[in-house]
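S.K.: First the structure, which I've put down as structure tokens, then a few questions once you've had a look.
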């Protein structure tokens with residue numbers, strides 16, 4: 001086999017393994033982060049930090065040395081071994097650290113542990129790129145070489161993502177996927193060695209058989225053991241991976257709890273919660289006939305609803321059929337099936353899309369979902385969702401949900417969090433009341449004078465319906481709805497300025513991040529609130545100052561300033577491309593609601609674009625195209641693309657086909673592919689400029705790759721923890737466009753100075 005072909009094969013294998021590892025490990029990180037998509041930015045940050053440091057080290061190692069294929073093969077062996085080990089470490093961490101099951105970690109703690117977990121795999125992966133560039137240096141012309149290697153890496157990532165998406169995700173457990181991906185790489189290398197080293201065929205065959213058999217045995221035992229390690233002090237009854245989520249059923253004493261991606265979803269039996277969620281809402285309506293339940297049916301809420309006489313139809317909407325199947329297996333007495341009561345209808349669909357697309361009207365709509373701790377859940381507490389709810393209520397209809405409050409006093413931050421939902425409801429419904437308690441219950445109606453906070457009215461309706469309840473009864477109702485408590489709740493809600501939670505300005509996520517940041521000492525809550533108060537314009541001012549500083553340095557510096565311009569361009573590309581990727585992931589979750597099973601498809605689309613862009617730029621450079629022209633045009637194109645998308649984002653989110661599975665997936669895949677195409681071309685052209693101005697190939701490749709990853713690191717942290725929660729995804733895109741404009745201005749200035 002010729003050297004170039006062998007080199008291409010190894011680089012593609014590295015890319016495929018890297019994408020598989022990133023998807024698989026990020027899914028484990030998502031569980032540690034309790035499903036919060038913004039915390040994926042912390043995971044990506046840790047990933048990119050170590051990969052960037054590895055790339056710098058690889059550039060230094062490659063300088064002045066000859067690199068053989070054996071070095072890359074041993075690196076692939078190391079990566080193959082470290083992938084399943086990293087996964088096992090992720091799952092064992094709660095047991096090793098002695099955490100309480102289901103504990104919520106602060107952003108600082110999560111970031112620290114992500115850094116520790118990523119160290120070994122990502123550092124080795126970072127070494128590969130500059131070493132591969134050095135090895136391929138003698139395979140042909142050097143024009144566009146770094147871009148070609150970058151393109152082969154991206155092509156491998158794209159192929160790895162497609163294989164994961166089409167063949168494996170949702171069908172094979174994550175640890176088995178990790179072992180399978182590692183085994184596939186190792187066996188492929190052994191197969192190549194089989195034809196190259198003929199004398200050692202018997203030994204190679206034995207190694208392959210031992211590895212394959214060991215992986216099969218280890219996959220079954222390690223998967224079961226590692227799932228137990230994720231839930232210390234609890235008995236793991238079942239774990240099911242679906243395209244929508246990772247469901248875990250754990251038991252403590254007589255109570256079984258269900259969690260989605262590590263976030264508590266519900267417990268059974270929990271009669272107090274079930275009664276309060278259901279009957280506070282139903283008693284608000286004088287004579288409910290048709291009821292819609294969004295979530296919570298497997299927690300016994302459907303049975304509780306059907307206790308009310310006079311109901312003719314109860315619709316229960318649940319996205320994931322496998323949750324109902326799992327609950328039916330674990331809780332046979334709690335999950336009421338339609339065949340047991342003809343009034344009950346189970347609808348397998350996303351609750352938000354069901355409301356937006358349906359036509360039926362309901363007397364009562366009860367939302368029994370966890371609080372807005374991630375983008376998937378925040379979309380059920382937004383202005384757009386409340387508008388969809390209003391359209392599906394009868395004139396006397398009632399909408400109800402609950403949020404964690406306090407029976408005594410509220411912190412200022414918790415007050416603002418609760419007031420956010422009250423103000424957002426008030427933008428849609430003419431009548432909103434809030435009943436305080438350990439859980440603050442929100443009620444809204446499309447007409448005034450439908451709701452009541454008088455406990456005597458609710459008690460009379462309960463008596464008329466003949467309901468035998470243990471927690472919604474005389475003493476509790478009169479205590480929870482006392483005039484003093486209601487006055488306190490109203491006074492607290494009116495003390496803070498009104499804010500609105502929308503899809504494109506997710507203030508619910510902001511307050512959840514701030515509340516989570518209060519778990520440990522740190523400045524995050526104060527930083528978030530300061531940013532929100534002072535606005536986004538100071539960030540644009542910062543970009544302007546950087547541009548002016550760079551322009552001033554160009555005027556007084558010599559030839560060495562060129563490298564700074566090239567590196568700044570790549571830094572901006574990495575930052576804004578990663579910001580774009582995060583925005584699309586969050587928008588996918590907001591509009592379609594099943595990101596967990598689609599991460600590999602979306603990442604593959606971006607990597608496919610990177611491969612295409614870097615390959616196209618490399619080909620044009622090899623044919624003599626101007627590297628300056630390519631660099632400026634592609635950087636400008638990336639800026640225009642991001643700015644246009646940011647300005648048009650409200651129209652895009654309102655575009656009806658975006659909420660349809662096929663069209664929505666195609667649009668998001670196309671957006672990421674386009675961003676990747678432009679980003680890959682920027683990297684390839686800047687690498688060529690750097691090389692033409694005297695930087696050694698191995699050092700330049702390692703440095704540029706590290707700077708690309710450094711930019712992506714800044715993008716993940718800044719966008720996920722600051723810009724998106726405080727200002728929304730549209731401003732994140734517009735800010736990214738401004739940064740690319742800054743890079744273009746400096747490139748043009750440097751080009752003119754060099755002429």
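Don't overthink the numbers, they just go from 1 along the chain as shown.
Cβ atoms here come from the backbone N, Cα and C positions, even for glycine.
The following feature annotations were taken from TrEMBL:
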- 251, 318, 350, 351: S-methyl-5'-thioadenosine binding site (BINDING)
- 218-454: domain 'PABS' (DOMAIN)
- 44-64: transmembrane segment (TRANSMEM)
- 71-90: transmembrane segment (TRANSMEM)
- 145-168: transmembrane segment (TRANSMEM)
- 174-194: transmembrane segment (TRANSMEM)
- 203-222: transmembrane segment (TRANSMEM)
- 535-554: transmembrane segment (TRANSMEM)
- 566-588: transmembrane segment (TRANSMEM)
- 594-615: transmembrane segment (TRANSMEM)
- 636-656: transmembrane segment (TRANSMEM)
- 662-684: transmembrane segment (TRANSMEM)
- 704-724: transmembrane segment (TRANSMEM)
- 730-749: transmembrane segment (TRANSMEM)
S.K.: For the transmembrane segment (44-64), which recorded stretch in the set 71-90, 535-554, 704-724 gives the largest number of Cβ pairs separated by under 8 Å?
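M.R.: That would be 704-724.
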S.K.: Which sequence positions outside the transmembrane segment (662-684), separated from its termini by at least 6 residues, show Cβ-Cβ distances below 8 Å to it?
M.R.: 144, 146-148, 150-151, 154, 569-570, 573-574, 577, 580-581, 584, 587-588, 591-592, 598, 601-602, 605-618, 621, 630-631, 634-635, 637-638, 641-642, 645, 652, 704, 708
S.K.: Does residue 351 (S-methyl-5'-thioadenosine binding site) have same-chain partners at least 6 apart in sequence with Cβ under 8 Å from its own Cβ, and which are they?
M.R.: 294, 295, 317, 318, 319, 367, 369, 380
S.K.: Taking contact to mean 3 or more CB pairs closer than 8 A (sequence separation of 6 or more), are the transmembrane segment (174-194) and the transmembrane segment (71-90) in contact?
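M.R.: Touching, yes - the transmembrane segment (174-194) and the transmembrane segment (71-90) meet the threshold of 3 or more Cβ pairs under 8 Å.
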S.K.: How far apart, in Å, are the two Cα atoms that lie farthest from each other among 251, 318, 350, 351, the residues recorded as binding S-methyl-5'-thioadenosine?
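M.R.: For the residues that bind S-methyl-5'-thioadenosine, the greatest Cα distance is 28 Å.
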S.K.: What same-chain residues, at least 6 away in sequence, bring their CB to under 8 Å of the CB of residue 350 (S-methyl-5'-thioadenosine binding site)?
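M.R.: Sequence-distant Cβ neighbours: 317, 319, 592, 593, 594.
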S.K.: Within 10 Å of the Cβ of residue 251 (S-methyl-5'-thioadenosine binding site), how many other Cβ atoms can be counted across all chains shown?
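M.R.: If we count other Cβ atoms within 10 Å of residue 251 (S-methyl-5'-thioadenosine binding site), we arrive at 16.
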S.K.: Which sequence-distant residues neighbour the transmembrane segment (594-615)? Criterion: at least 6 residues beyond either end, Cβ under 8 Å.
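M.R.: Cβ under 8 Å, 6 or more out: 15, 19, 22-23, 26-27, 30, 37, 147-148, 150-155, 157-162, 164-165, 169-170, 242-246, 261, 319, 350, 376, 577, 581, 584-585, 588, 634, 665, 668-670, 672-684.
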S.K.: Quick one: find which recorded stretch in 145-168, 636-656, 704-724 has the most Cβ pairs under 8 Å with the transmembrane segment (566-588).
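M.R.: The stretch with the most contacts is 704-724.
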S.K.: Let me check the 10 A CB neighbour count of residue 318 (S-methyl-5'-thioadenosine binding site). How many other CB atoms are there?
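M.R.: That number is 22.
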S.K.: Please compute the mean pLDDT of the model over the domain 'PABS' (218-454).
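M.R.: When the pLDDT values over the domain 'PABS' (218-454) are averaged, the result is 91.
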S.K.: Any residues 6+ beyond the ends of the transmembrane segment (535-554) with a Cβ under 8 Å from its own?
M.R.: 561, 564-565, 568, 723, 726-727, 731, 735, 738-739, 742, 745-746, 749-750, 753
S.K.: Give the helix, strand or coil assignment DSSP yields for residue 251 (S-methyl-5'-thioadenosine binding site).
M.R.: strand
S.K.: So, three-state DSSP: helix, strand or coil for residue 318 (S-methyl-5'-thioadenosine binding site)?
M.R.: strand
